[in-house]
Amino acid sequence: MHVPGTRAKMSSIFAYQSSEVDWCESNFQHSELVAEFYNTFSNVFFLIFGPLMMFLMHPYAQKRTRCFYGVSVLFMLIGLFSMYFHMTLSFLGQLLDEISILWLLASGYSVWLPRCYFPKFVKGNRFYFSCLVTITTIISTFLTFVKPTVNAYALNSIAIHILYIVRTEYKKIRDDDLRHLIAVSVVLWAAALTSWISDRVLCSFWQRIHFYYLHSIWHVLISITFPYGIVTMALVDAKYEMPDKTLKVHYWPRDSWVIGLPYVEIQENDKNC
């Protein structure tokens with residue numbers, strides 16, 4: 001008796017504009033198939049920087065952790081799901097977009113969070129901590145389908161904890177490269193967040209002056225933040241997990257350029273010197 005209603009509900013989550021979220025950019029201005037043109041195609045940077053960082057960080061991943069490849073794949077999935085969401089403004093697209101972000105942050109936690117920040121009951125065991133993070137993320141994922149606001153609370157909680165860790169580590173370090181990376185990461189993230197909030201809160205103003213691109217600017221800035229954030233976490237992790245090795249920061253395409261994507265090279269310390 002309930003099958004037709006269930007089918008209608010399932011089909012509705014795939015439908016165009018079935019999400020309650022609608023960004024400032026006018027819909028279907030450039031194509032009948034793409035709801036938000038600039039918000040959709042600005043995600044292409046996720047698909048560029050993801051594979052590029054996998055290539056640049058390959059030596060690091062081979063020596064430290066191959067989980068880096070999984071983190072990069074999740075980053076690219078965020079770009080794909082975000083493209084799908086902004087193309088359709090469907091409820092399913094919204095869920096996939098938000099859940100993929102949650103899993104990216106969770107995977108970063110599992111791989112790079114220093115053991116000194118682990119809960120005491122896991123006793124510094126990264127495997128147990130990763131299991132705890134995975135179980136929590138799975139529960140949050142299922143709850144998101146029941147109550148979508150759960151994911152927003154989860155993401156905000158993680159963001160607050162990350163800021164706390166960044167502040168704590170920044171106070172402890174003396175390495176100029178790491179301090180620079182943390183500063184740039186925070187500035188990029190703050191600029192991206194400002195664009196995101198401004199698009200939501202001041203939409204009527206931006207529409208009056210015909211400037212609809214703040215959310216697409218958020219996509220570009222946050223995709224650039226990813227390489228800086230990854231390298232920052234790798235350097236912090238190395239301080240705790242690889243004290244016998246030195247990580248040298250390089251920038252693609254050239255170290256001498258003012259702007260570039262950071263990556264690290266692991267160097268063996270010569271203990272005979």
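Even glycines carry a Cβ here, placed using N, Cα and C.
In the shown protein chains, 25 other C-beta atoms lie within 10 A of the C-beta of GLU36 (Ca(2+) binding site). Positions annotated as Ca(2+) binding site by Swiss-Prot: ASP22, TRP23, GLU25, ASN27, GLU36.
The feature Zn(2+) binding site is assigned by Swiss-Prot to HIS86, HIS215, HIS219, with similarity to another entry given as support. Sequence-distant neighbours of HIS215 (Zn(2+) binding site): residues of the same chain at least 6 apart with a C-beta under 8 Å from its C-beta are TRP23, CYS24, GLU25, GLU36, ASN39, SER195, TRP196, ASP199.
Annotation source Swiss-Prot lists topological domain 'Lumenal' at 1-36 (among others).
Note on the topological domain 'Cytoplasmic' (58-72): residues 50-51, 104, 107-108, 110-111, 230, 234, 237-238, 241-242, 247, 263-266 of its chain, located 6 or more positions outside it, place their CB under 8 angstroms from a CB of the stretch. Residues annotated as topological domain 'Cytoplasmic' in Swiss-Prot: 58-72 (among others).
Feature annotation from Swiss-Prot assigns topological domain 'Cytoplasmic' to 115-126 (among others); the stated evidence is sequence analysis. Same-chain residues lying 6 or more positions outside the topological domain 'Cytoplasmic' (115-126) and placing a CB less than 8 Å from one of its CB atoms are 132, 165, 240.
The topological domain 'Cytoplasmic' annotation in Swiss-Prot covers 168-177 (among others). Same-chain residues lying 6+ beyond the ends of the topological domain 'Cytoplasmic' (168-177) with a Cβ under 8 Å from its Cβ atoms: 114, 235-236, 239, 249.
Secondary structure of the topological domain 'Lumenal' (199-215), assigned with DSSP and counted as helix (H, G, I), strand (E, B) and coil, comes to 11 helix, 0 strand, 6 coil. Sequence annotations record features per position, and here Swiss-Prot assigns topological domain 'Lumenal' to 199-215 (among others).
The topological domain 'Cytoplasmic' annotation in Swiss-Prot covers 237-273 (among others). Sorting the topological domain 'Cytoplasmic' (237-273) by DSSP state (H, G, I as helix; E, B as strand; all else coil) yields 5 helix, 16 strand, 16 coil.
Away from its own ends, the transmembrane segment (37-57) comes close to residues 23, 25, 29-31, 68-69, 72-73, 75-76, 78-80, 82-83, 86-87, 212-213, 215-217, 219-220, 223-224, 226-227, 230, 234, 252, 261, 263-264 of its chain (Cβ-Cβ under 8 Å, at least six residues beyond either end). As annotated by Swiss-Prot, transmembrane segment applies to 37-57 (among others).
Positions annotated as transmembrane segment by Swiss-Prot, on the basis of sequence analysis: 73-93 (among others).
The feature transmembrane segment is assigned by Swiss-Prot to 94-114 (among others). Distant neighbours of the transmembrane segment (94-114): 13, 19, 21, 65, 67-68, 70-71, 74-75, 77-78, 81-82, 84-85, 126, 129-130, 133-134, 136-137, 140-141, 144-145, 148, 151-152, 154-155, 158, 162, 165, 169, 229-230, 233-234, 236-237, 239-240; these residues of the same chain sit at least 6 beyond its ends, with a Cβ under 8 Å from one of its Cβ atoms.
Per Swiss-Prot, the feature transmembrane segment maps to 127-147 (among others).
Look at Swiss-Prot and you will find 150-167 (among others) tagged as transmembrane segment.
The transmembrane segment annotation in Swiss-Prot covers 178-198 (among others).
Annotated transmembrane segment per Swiss-Prot: 216-236 (among others), in sequence order, evidence recorded as sequence analysis. Outside the transmembrane segment (216-236), and at least 6 residues removed from its termini, the chain residues within Cβ reach (under 8 Å) are 25, 38-39, 41-43, 45-46, 49-50, 53, 57, 60, 64, 68, 71, 75, 79, 82, 108, 111-112, 114, 169, 173, 175, 177-178, 181-182, 184-185, 188-189, 191-193, 195-196, 199, 247, 249, 261-264.
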Translate the DSSP assignment of HIS86 (Zn(2+) binding site) into the three-state scheme. helix
Output the one of ASP22, GLU25 that, of all these binding-site residues, has the highest number of other Cβ atoms within 10 Å of its Cβ. GLU25
Would you kindly give the Cα-Cα distance separating ASP22 (Ca(2+) binding site) and HIS219 (Zn(2+) binding site), rounded to the nearest Å? 15
Over the span of the topological domain 'Cytoplasmic' (115-126), count residues by DSSP class, listing helix, strand and coil in order. 7 helix, 0 strand, 5 coil
Grab the pLDDT values for the topological domain 'Cytoplasmic' (237-273) and give me their mean, rounded. 84
Looking only at the topological domain 'Cytoplasmic' (58-72), how are its residues distributed among DSSP helix, strand and coil? 12 helix, 0 strand, 3 coil
